[in-house]
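Feature annotation from TrEMBL assigns domain 'PPIase FKBP-type' to 48-132. Residues or ranges marked as repeat 'TPR' in TrEMBL: 234-267. Feature annotation from TrEMBL assigns transmembrane segment to 318-340.
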Amino acid sequence: REDTQSPEQSAGDAAGDPQEWLDVLGNGLLKKKTLVAGQGVDSRPQKGQDVTIRLKATLEDGTVVEEEPALTFTLGDCDVLQALDLCVQLMEMGEKALIVSEAKYCYGAQGRSPDIPPNASLTLEVELLAAQDAPDLELLSGKEKIQLANRKRERGNFFYQQADYVLAINSYDIALRIVGSSSKVDFSPDEEAELLDVKVKCLNNLAASQLKLDHFKAALKSCNLVLEHQPENIKALFRKGKVLAQQGEYREAIPILKAALKLEPSNKTIHAELSKLVKKHADQRNVETEMYRKMLGNPSAAGTPRKCKDKLPWSIPWKWLFGATAIALGGVALSVVIAARN
């Protein structure tokens, strides 16, 4: 049914009736039906917890495309399909549910090669097995922190490929928060280097996503953070040049792209971008030159001085000259009167 209530209110109302479909978002694109009731509303997992589910996903024709006996993910971090992330937080512990989702909340227009075609709806059979608080980041070993950050980064890459740049940014931000979190555990030099590598990759991908959304200030900041650690990082130099170019700062962008091209002379993408910027910069300078010429009163393209037939450009109008003469004569007459009185 089409609900007019919020998803939380609707879920609470529907919990007692296993046969009722819940329109999770109110748009008819994501629906959930309880097959086996769980342990009550108080047993629902919270965002940020690690949940474990049993999952079976099928296409509309009944083809099974995924089966997971124990899939664990962080609820609310977009680690899995949006359909799961949105619906599992409405499930009770031990509950079995059927979820029917349009492609928008699954694999979208790209699908998943080779088994899920583009724009495919999915039916998900889900059972909530467990929920527990996520591990304390301060207590993670270097290897555990690297694995967790890489998992979030790879999820961001998935969203980037799906052209969902907002969710990609969300995943990269989570990965960076993990990498940058304080730790009570000592890391080896190799682990420190690997964490830095993960950080640089996340910042570069973050800049690419921000650039796609025209968030130029944020993208420039991400590029600069990379260059603080790796001044010759080609991706960061290239994207910084693109950001500056998008803002019309061609003079600043061109040397940066030249530096990137010097590091990788065979890169055709940098070549093409640099050539385009050089042309735009030349056009910009021509426009500015023409504007200054008009401002200075010389719109002629040839730049030759004009001949003055009637008067010189510095000649004083006769009315001004007459007025000045009258004032001078008046001053003389007044001087004579004052002298006579004295």
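Note that Cβ sites are derived from N, Cα and C of the backbone, with glycine treated the same way.
Residues in the repeat 'TPR' (234-267) partition by DSSP class (helix H, G, I; strand E, B; coil) as 27 helix, 0 strand, 7 coil. When averaged over the domain 'PPIase FKBP-type' (48-132), pLDDT in the model lands at 95.
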